[in-house]
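The following features are taken from TrEMBL:
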type	residues	note
DISULFID	CYS104-CYS376	disulfide bond
DISULFID	CYS777-CYS832	disulfide bond
DOMAIN	463-828	domain 'Ionotropic glutamate receptor C-terminal'
DOMAIN	473-535	domain 'Ionotropic glutamate receptor L-glutamate and glycine-binding'
REGION	1008-1030	region 'Disordered'
SIGNAL	1-23	signal peptide
SITE	ILE686	site 'Crucial to convey clamshell closure to channel opening'
TRANSMEM	588-608	transmembrane segment
TRANSMEM	657-679	transmembrane segment
TRANSMEM	851-876	transmembrane segment
Amino acid sequence: MKVFPAVLFLITFWSLEWDPVLPDSIIHIGAIFDESAKKDDEVFRMAVADLNLNNEILETEKITVSVEFVDGNNPFQAVQEGKRTIYLFADHPTPSSDEITVACELMNRGILALVSSIGCMSAGSLQSLADAMHIPHLFIQRAPAGTPRSSCPSTSHPQPDDYTLFVRPPVYLNDVIFQVVMEYTWQKFIIFYDTDYDIRGIENFLDQTSQQGMDVSLQKVESNINMMITGMFRTMRVEELHRYRDTLRRAVLFMSPATAKAFITEVVETNLVAFDCHWIIINEEISDMDVQELVMKSIGRLTLVRQTFPLSQNSSQRCVRSNHRINTSLCDPKDPKAQMLEITNRYIYDTVLLLANTFHRKLEDRKWHSMASLSCIRKGSKPWQGGKSMLDTVKKGGVSGLTSLLEFNDNGTNPNIYFEILGTNYGEDRGRGVSRLGTWDPIHGLNGTLTDRKLENNMRGVVLRVVTVLEEPFVMVSENVLGKPKKYQGFSIDVLDALANYLGFKYEIYVAPDHKYGSQQADGTWNGLIGELVFKRADVGLSALTITPDRESVVDFTTRYMDYSVGVLLRKAERTVDMFACLAPFDLSLWACIAGTVLLVGTLVYLLNWLNPPRLPMGSVSSTTLYNSMWFVYGSFVQQGGEVPYTTLATRMMMGVWWLFALIVISSYTANLAAFLTISRIENSIQSLQDLAKQTDLPYGTVLDSAVYDQVRSKGMNPFERDPMYSQMWRMINRTGGAENNVEESKEGIRKVKYGRFAFVWDAAVLEYVAINDEDCSLYTVSNSVADRGYGIAMQHGSPYRDIFSQRILELQQNGDMDILKLKWWPRDSPCDLYSPVGTRKSGSALDIHSFAGVFFVLAAGVVLSCLIATVETWWTRRKGSRVPSKEDDKEIDLEHLHHRVNSLCTEDESPHKQFSTSSIDLTPLDMDSLPAARQALEQISDFRNTHITTTTFIPEQIQTLSRSLSAKAAAGFAFGTVQDHRTGGPFRQRAPNGGFFRSPIKTMSSIPYQPTPAPNFSYGNDPDRGTSI
């Protein structure tokens, strides 16, 4: 009983093979396949045979087919085969060849639908023909030679009225690969594509990567891969091969599985790829067998992206589709034939199943339109009347087959597509396991994570040998006990510990023998830390190591864990003690102008008051001397007021302007003095690298054979990259061959800056740490704000741990752990100012004695000058005192009594020439011994120095006749001489209380008669200081 279905299947298959058309059949399907895709024809006929054996769908009706093959690269063969004229659109002729067209021949046979599995070049012609003849056309796009698909330009914008239905979904490879690359955080990679691949298919992908700032390279893989690789080795230099090898670490392959296998085999055998490489192969047509072969041939990490079809979880229901059972050899994943199915084979099978269900619905609805023979050669031929109805029925239908669900939207496109992302972990072992990392579809995007969790702990038990160079604060010795391994600390050590704790590895650390970072020698070898990695004596290089192109050509670097910039370390200007800092707010010329203005205004005030003296009340005296004017102007300038009142309008106008001037000057001085006492205005000439390069007085240098040294040399000597600033710096650094201004270690350069006259050019991070931790805060830094490089962890070329380290470093940066580690060594709150060229105080701190030293100096100078003047005055007074006569001879007239008598005369002399009695004047002898005490009492009451007392007497002429001369002895000692002397018109001389003499003008001179008295026993001699003038 089990033999009968097989025999029936063979008979049906034989009949379809040799008799494509059955005369009594009303269901006829035409098919056009690429001549290189014989398997499409095989699956097509198998699907028809399965449906003809299934009586539940078509019952008594059978499907007949007509199959033709064309060259996929010839767009005209699918439509024509001859030189006949074809009328596709009404009466517009299209020239053709002499042979009958393939498509027209099928339509002439009376087909209900056309199925094609061809390339884009032929699809456009068939689409035009189907639209003209109203024949439903089910198009299945086939990529040439198994390469990835590209969107067909002629079918990129389908319309609802088109008779072509796109069985295969649109091309989503650009979206999938961009999502994968973004998930892996790639920034630089290369794309290899097949010779048969249409490069226009990745234009959108290249645009997206460009917008993200990715560095993407393209390279076409020739058909003869061995010759292509051999040509590279023959034409490239060693340095170029190293860089090309580094480029191959990240690659995307747009090629057929067969080409990908050959290419991977060739690059692995020629050692162009290392164990840390990561390649992505994307192609919808990757079978399970292709996956296993690609994994076997590759090293490093491999990611594969292919189209997948959801299967039923129940294995017994995998081949059952509603009212149809699919052939077991096609639906069982374990069957070898099912494993070899191509994507187009699956869609061809489901297309036949969809058409069968469509015919079934048409027969049930009794809306069948018989297909008549159509001719596209004859002019005026009409399209099929039932084509529109058949097309709508196909669009509304949907089946579940080998491609899961096949259906169409309004534009005639199948929207159902799913991608599967497979991946391996890093390693050099062949045949390692492949796991499913995630899926992708147009609606939900990426589902799952592409991170292989096995990578997080695959370094358990690994011991890495780490080489380092001591550099504060990146790597420092924390403990050095004799007989025990050295212990290290620093920022780089903290980063390494964070990686070790997360990944599970251990490490042994040692210092590079020559204590250098490493540079390329004349013979091409490398020394220092880089040399240890090149010669594979160490696994990891860790220190303040910058990522440079030259170093990347021989070693691998992780992603940067800290930005790098060049800085300059300089010593702050020492703060000098200025005794006259209080004069700093004003310039010396301004002070001179102010002093001259005081003298000038004082003189003007005196002159104005002398030209127009004020009227004084009776009994008051004038004190407007030049000395007093100067004193008054100075006192008002320092806001202390004056002693002498000025009442004239001119003087007051002058003083009003002067007071305004003084107010402005004193206010400006006070404001500027406060600023000068709290803020240092000492400006250093070096505030940037440009300032350092322009000057030649201060020598500067860096560490020999370091990244900074190479950077200055390359930018200063390269004619294509020559920078004026770096050219000037290179001339200074390279003076005497670099031995004069450069050092062997950074510690030596820092020491030269601190204790000498030198500027050290080095890593800004290192210099900032040194300035922060300087005990006396005597250093400051000047850095370049552009961080064009970074610090990275170096590894051997091809190390499998680079991506693992880079991934963890990115995680530390994203979650903020890296910033916490930085704050440990570069705190934000520092007692030292890193960027100030002088040692300034912090805001709000107390002012020291140096700020007011000048004020105290002026005060001290005033005290000393005052004491000096007092000493001179005391000496002068004592000198005068030694010349005073004895008490016996110091007989004077009682001035008070005399003034009283004279005032009485002046009172009585209100009328001129008034007669009065001679007895009114009584000159009695006085006791001269009592005069000194009286004089001293008067001098204690008031000091009339600098005061002019003018006395004018009006004595009647009659009195002159009654007077007589004093005795000769008295006249000889009297201050104003004889009566005859006064009669001549000379002025009286009045002695002031302080002993000075002043001439008093006298209007009328007359002798004063007196009564005889006993001659006094005294003599003044010729001493002018012992006289009294009236």
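Cβ coordinates come from backbone N, Cα and C, glycine included.
In sequence order, ALA771, ILE772, ASP774, CYS777, LEU779 constitute the residues six or more apart from CYS832 (disulfide bond) in its chain with CB-CB distances below 8 Å. Each of the recorded positions CYS104, ILE686 was scored by how many other Cβ atoms lie within 10 Å of its Cβ, and the smallest score goes to ILE686. Of all the disulfide-bonded residues listed here (CYS376, CYS777), the one with the fewest other CB atoms within 10 A of its own CB is CYS777. The two recorded residues, ILE686 (site 'Crucial to convey clamshell closure to channel opening') and CYS376 (disulfide bond), have Cα atoms 88 Å apart. Here the domain 'Ionotropic glutamate receptor C-terminal' (463-828) has a mean pLDDT of 82 out of 100.
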